Amino acid sequence: MVNGSTQYLAHVGELSLKKGNRRQFEVQLERNLTLMLRSINPHVTVRAGRLYLSVPASFEAQTTAEQALSYLLGITGWAAATACPKTMEAITRCAHAEATLAAREGKRTFRIEARRADKRFCRTSSEIAREVGAVIHQSGALSVDLHHPDVVIFIEVREREAFLYGARRRGLRGLPCGVSGRGLLLLSGGIDSPVAGYRMLSRGMHIDCLYFHSYPYTPPEAQKKVEDLAKVLARYGLSTTLTVVSLTDIQKQLQTHAPAPSLTLLLRMCMMRIAEHVAREQRARCLITGESLAQVASQTLENLTVTSACTHLPIFRPLIGADKEDIIRTATEIGTYAISIRPYEDCCTLFAPKHPVLRPEVEEMQKQYQSLMLGPLLEDAFRTRKRTRIYGNYGVQESGE
């Protein structure tokens, strides 16, 4: 704690490799964390592969900062750190204080890991570790164990000062949200689409969400589930816009006039056409879906080819080759799985045929679609859409979830 504030040090991830765009990525990372923590007036700086964060020294500010760091894309790890002057005396004093605190918490052994980023410093990394470790060992606070220590004390000698920290928490890696443009996620209430959205967020893309419902055939709880999923994604992406479109009249028309095996695929074709209009309105440059090849009948190669032909925008399918167990594991890690398994149907499961078409031809499906004269219904669905802006929330109020 320095000057009444709490310091955090984070290791910047993949963006440090992008030399041509490095400063742009650093600025975006600074901006993202500053926006996440705007309620507590943080000081954020990124330089030389490290993110430096200073927040007020209060429980609420520290809780908010640590929760935001746990959702921040673009860092590989972070820790609460102690800043001190770049002298061996100051570094040793701070390290001894860390060791004493660890001993009070019941720790018995330690190891020093030192890194000298400033090559002008008077000691090498190994010399720093050796000298500081010797002082702690001789003081009797902790015993040395280089292989299986109870605590590791990290020392980093940076350009302007030194930082010491103990437990380092794992970051989410990836790229800062916002450096890769904007996409529109077709968000259902299932397990897959939220994971697909997270995958694109982790590649630096800002995502907005589109949900299709068929009220009263789908219950209000189904939409509430999707709203909760969008709130989770907004924590990783800072914010999102959720657009809700009713497909009730379109599904009635399909149920009455379309060939039964083609029902689901024709509905997907309608979704893609509406999604393109929503995407262009929101300046999204691509559509994102949770489709995984051959996972269900509507996701055969031929069916995906048909739906891709319904839009001029690229369709990103980040889960196309993913294993279902891997998808579930990711959903659990990011906090969407428990929401996704709530037992409420979405519009895609309504009126689903027992024997859906598996190997359609694009031309044949386009003929079927055109014969149904769905244009006015699609226009009505788009015209009556509803939008909600959702912001990521961080802090003490979130801790009970």
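Yeah, the Cβs are placed from backbone N, Cα and C, and that goes for glycine too.
So that you can see what the record holds, here are the features copied from Swiss-Prot:
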| type | residues | note |
| --- | --- | --- |
| DOMAIN | 63-168 | domain 'THUMP' |
| BINDING | L186, L187, Y211, F212, R268, G290, Q299 | ATP binding site |
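Swiss-Prot feature annotations superimposed on the structure.
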residue: L186; record: ATP binding site; DSSP (3 states): strand
residue: Y211; record: ATP binding site; DSSP (3 states): strand
residue: R268; record: ATP binding site; DSSP (3 states): helix
residue: G290; record: ATP binding site; DSSP (3 states): coil
residue: Q299; record: ATP binding site; DSSP (3 states): helix
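With the fewest other C-beta atoms within 10 Å around its C-beta, L186 stands out among the binding-site residues L186, L187.
Helix, strand and coil counts under DSSP for the domain 'THUMP' (63-168) come to 41 helix, 31 strand, 34 coil. Sequence-distant neighbours of Y211 (ATP binding site) (same chain, 6+ residues apart, CB-CB distance under 8 A): L187, S188, Q223, V226, A230, L242, T243, V244, V245. Site extent for ATP: the farthest pair of Cα atoms among L186, L187, Y211, F212, R268, G290, Q299 sits 19 Å apart. Confidence over the domain 'THUMP' (63-168), given as mean pLDDT on the 0 to 100 scale, stands at 95.
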